[in-house]
Amino acid sequence: MSRAQDRIGTWIGWTFFADLANALTLTFGYMFSSPVTMQYPDTEKWLPYSRYRGHHFLKRDEEGEIKCVACELCARICPCDCIEVVPYEDEKGNRHPAKFEIDTARCLFCGLCEDACPADAIALGQQYEFSSFSSADLVIGRDDLLAKPGKAATGGGVVSARLNTKKDVLVETKEMQGYNWWRNIRRT
């Protein structure tokens, strides 16, 4: 083996050793740093930003009436066809929705319904926890959409998810603990 080949081999060895040392330094640095995983839902909860597109909600006007004029533009523009609006006219001739349902199991949360609404009656809020065991529970009606909270002015952080009062704590009964949890799920 010539001297040039020996130098090249030594150089390659030191280069790989330097790369290995850099990788190990980075690995040990992350190993001893604080974790970045959020302990959801036990100890931490994420607050979405105000521009986050979560659950739908319907707005009311100054008199407390629903803002929706049942023009059905939101239902027509929806790419998932998950909005159903049935209009009716009251005695004054104003249009209102007799039925307004959104199937959130099919919804993409794209916000096109919010953009298409001429009365600014429908909007997407910040709630992201609305899972269910039944897909029928994910169909939200007009009264439920009116009762949902709107957008918060602040957001984009992590807050403690610990309960402040003991009255909200749910205690599992003896038969709900352990391996029998799946027997208590209602099947529809």
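Glycine too: its Cβ is placed from the backbone N, Cα and C atoms.
Beyond its flanks by at least six residues, the domain '4Fe-4S ferredoxin-type 1' (56-88) meets 94-108, 110, 112-125, 140, 142, 145-146, 148-150 of its own chain at Cβ-Cβ distances under 8 Å. The annotation domain '4Fe-4S ferredoxin-type 1' is assigned in Swiss-Prot to 56-88.
Residues or ranges marked as [4Fe-4S] cluster 1 binding site in Swiss-Prot: C68, C71, C74, C117. Residues within less than 8 Å, Cβ to Cβ, of C74 ([4Fe-4S] cluster 1 binding site) and separated from it by at least 6 positions along the same chain comprise I83, V85, L112, C113, E114, A116, C117, I122.
Neighbour list (C78 ([4Fe-4S] cluster 2 binding site), Cβ cut-off 8 Å, at least 6 residues apart, same chain): C107, L112, C113. Annotation source Swiss-Prot lists [4Fe-4S] cluster 2 binding site at C78, C107, C110, C113.
The domain '4Fe-4S ferredoxin-type 2' annotation in Swiss-Prot covers 98-127. Tertiary neighbourhood of the domain '4Fe-4S ferredoxin-type 2' (98-127): same-chain residues 47-50, 52-59, 66-71, 73-88, 135, 138-142, 145, 148-152, 155, selected by CB-CB distance under 8 Å and a gap of 6+ residues from either end.
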C68 ([4Fe-4S] cluster 1 binding site) to C110 ([4Fe-4S] cluster 2 binding site) - Cα separation in whole Å: 19
Structural state census, the domain '4Fe-4S ferredoxin-type 1' (56-88) (DSSP three-state): 5 helix, 11 strand, 17 coil
Cβ packing number for C113 ([4Fe-4S] cluster 2 binding site), 10 Å threshold: 24
